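Copied over from Swiss-Prot, here are the features:
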- R23: site 'Transition state stabilizer' (SITE)
- K30: site 'Transition state stabilizer' (SITE)
- R160: site 'Positions MEP for the nucleophilic attack' (SITE)
- K216: site 'Positions MEP for the nucleophilic attack' (SITE)
Amino acid sequence: MILVNLFEPKIIAIVPAAGIGSRMKIDVPKQYIKIQNRTILEHTLTTLLLHPNIVQIIVSLNKKDNYFHKLSISSNFRIISVVGGEKRINSVLSGLIVVKNVDWVIVHDAVRPCLSYKDLEKLISIIKKNPVGAILARPVSDTIKYSNLKQKKAVYTVYRKNLWHALTPQLFQVELLKNCLKKIIKDQISVTDEASALEYCGYNPLLVLGSCRNIKITWPEDLVLANFYLKNHIIDK
């Protein structure tokens, strides 16, 4: 039994899961690929369910999704689903619209099944320190090249000293994120994560160091690494 700490803020989690994962070149959306006899999405949701102050998880689904409600985890009383949009921003906003009486929201990629509870707790603890919010991130360690898109040639090397690799979850105040996303849509600005929307509106979320094991399943080889982490229970080590 999970008891909610009444002295801590209640949090809603939104998991955009409307993508089809075209880069994986498979018939099933990548969030429904199985690792260790469970789908990637089930692994992702299970970690979020462990935190006592996440009172509800909203999963934004593709309107043609025929997989989610076949999963046993979909019947968990803390999980609901909504129809997402064509883009991530629309899927997140679809989730925010149904949020009531909660001040904070976490947005987490459906295909990051290796999030550790330790990192989740570290991020949530930031609520007491920064009213804007925060994201998990890691300093860039590789050399980054800017390319000519058509010819795929290196044009110049990007100075990496102040560069961070954005991860999820990302944590913000509900109304602040909702307003920033609406402005992004109104201004027709393209963003790839929620922090970008806040940055566009003049806010600066904190960067919280996250684990390198919190990988996003994008390419087939990512499945091998995720399987290794989950099989050997080394996510929190």
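Glycine is treated like the rest: Cβ placed from N, Cα and C.
The recorded sites in question are K30, R160, K216, and the one with the fewest Cβ neighbours inside 10 Å is R160. You'll find the Cα of K30 (site 'Transition state stabilizer') roughly 11 Å from the Cα of K216 (site 'Positions MEP for the nucleophilic attack').
According to DSSP, K30 (site 'Transition state stabilizer') sits within a helical segment. DSSP assigns R160 (site 'Positions MEP for the nucleophilic attack') to coil in the three-state reduction, outside any helix or strand.
For K216 (site 'Positions MEP for the nucleophilic attack') paired with R160 (site 'Positions MEP for the nucleophilic attack'), the C-alpha to C-alpha distance reads 21 Å.
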